[in-house]
Amino acid sequence: MSKSSQQLNVEVEEVVDDSSPSFLNNYHEIDEKVVQQIVYDALVFTTLNGLLVGDKSVQRSGRVPGVGLVHLPFSLLPPPFPQTHWNQACELAPLFNELVDRVSLDANFLQQSLSRTKKVDEFTSRLLDIHSKMLEINKKEEIRLGLFRSDYMFDEKTQSLLQIEMNTISTSFSGVGCIITQLHRNILSRYGKSLGLDSERVPTNTADSKYAEALAKAWSEYNNPSAVIIVVVQAEERNMYDQHFVSAILRERHHITTIRKTLAEINQEGEILSDGTLSVDGQVVAIVYFRAGYTPADYPSESEWKARLLIEQSSAIKCPNISYHLVGTKKIQQELAQPNVLERFFENKEDIAKLRKCFAGLWSLEDSDIVKRAIETPELFVMKPQREGGGNNIYGDDLRETLLKLQKSDSQEDAAYILMQRIFPVNTEAILVRNGFLHKDRVISEFGIFSTYLRNKDKVIVNNESGYMVRTKPSLSDEGGVLPGFGVIDSVYLT
């Protein structure tokens, strides 16, 4: 450890345990010239290695590759995280995979749990309608593929790892998550000795390869060498490069063709052949990989809903199928946290205990006692609608006002929301880089564990933890989305 690092020990011990490396919580002590050099090197690395996104100030950046590029906002050095809790999150991945699959097969549970939500949330209602139609025609998904991500925070008050949510559709940042990991390992291999940090403490990350491998194995199970994989995308997508990483690996390592289509294009060009095969623009489709379709904005007209129904009716493998999609809703997450519900899907008591241990407090707004507590102490809760993609949650005074308004309305609109315990993670210091400029802030981090699951009838082919991504945001910010401008992409330093 350098002399400057040794001088920090007394200060560090006041805010972190002895196992935390000095500079992870004292970035302001790093010499400014060194910081500027690291930032310069990091910006070169992001450009050479594709840690890029379309610049929203450039009109064509979301449509034409290579136009209007800017580096993704990132943290210059990774935040500390306990090795034991990291191991716990990784070990939970196969259990959550199996849970999603089992819940997806319980049609009555899905329909009943979401029945009140359906009455007040049109988006959830439309998804449930498709689910119902598949039940009516007895549509069986024998090959089931899931590319999931379970997000966690480490709660300082309880000293426990708590799940934020389980994402079952369009799980993003598998590609760029690998690049930021490489960036941090690269920085620490060059500057780690002077900072008192070890690059080996940043765990390796192969999420993009694992995702591509699972898609390739599912493609093989479909058993049609001429079939393609469709990546369902938004008409404008600034985060296209994260998606292209997986497509490139599929092409180069697995010799599988991917094509990109919007739901509207699939509706216009798609048809189901007499044997149930999905054909789009004359090409047989083995897998429909959704990187869109998770938000109402992705369905601006009936064309998109027709495409979603067409896909579900076909024999193509869906990633995810409609049942997997529904399992990822906030309401199902809340229902699974209810007493004795996990026992409906698991018999092994140890597995149930492991899952339940990471559940935060989750409640229906039908629980009048919890609603009363949330109105009195809104800072202890988060109010969540049935939405994905960030920027939807309600906090603080807005939470209280929303609950009071719902109470007065005498309607069932409360079914569109759940209440969740607010998690209070340790906040640390960070150097954040956005648009080539750095600023220092107190931050909190959310850790996402990717996982892959592939099953053909009774045979489980893949059930693995498959890499990670981290999002870091200023501790005073309620929202943490990277693309909307709140958070940054990050990795992790195990302590």
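Each residue, glycine too, has its Cβ placed from N, Cα and C.
No curator has checked TrEMBL annotations; they are predicted automatically.
Per TrEMBL, the features are as follows:
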- ARG149, GLN243, ARG471: substrate binding site (BINDING)
- GLU165, ASN167, GLU388: Mg(2+) binding site (BINDING)
- GLU165, LYS330, 384-393, TYR395, 420-423, GLU446, LYS473, GLU479: ATP binding site (BINDING)
- 227-327: domain 'Glutathione synthase substrate-binding' (DOMAIN)
Ask   = In Å, rounded, how far does the Cα of ARG471 (substrate binding site) sit from the Cα of GLU165 (Mg(2+) binding site)?
value = 14
Key: DSSP helix/strand/coil residue counts for the domain 'Glutathione synthase substrate-binding' (227-327)   = 43 helix, 26 strand, 32 coil
PRO385 (ATP binding site): tally of other CB atoms within 10 A of its CB = 16
Inquiry  = I'd like to know which of the binding-site residues ARG422, ARG471 has the most other Cβ atoms within 10 Å of its Cβ.
reply    = ARG471
Ask   = Taking the centroid of the Cβ atoms of GLU165, ASN167, GLU388 as the Mg(2+) site, which other residues of that chain lie with their Cβ within 8 Å of it, listed in sequence order?
value = ARG149, ASP151, MET166, THR168, ILE169, THR171, TYR294, GLY328
Message = How many Å separate the two farthest-apart Cα atoms among the substrate-binding residues ARG149, GLN243, ARG471?
response = 18
Query = In angstrom units, rounded to an integer, how far apart are the Cα atoms of ARG422 (ATP binding site) and GLU388 (Mg(2+) binding site)?
reply = 18
Message = Around the C-beta of LYS473 (ATP binding site), how many further C-beta atoms are within 10 angstroms, looking at every protein chain?
response = 24
Message = Quick check for the class: what is the C-alpha distance, in angstrom and rounded, between ARG149 (substrate binding site) and ASN167 (Mg(2+) binding site)?
response = 5
Remark   = Whole-number Å distance separating the Cα atoms of PRO385 (ATP binding site) and GLN243 (substrate binding site) is 26
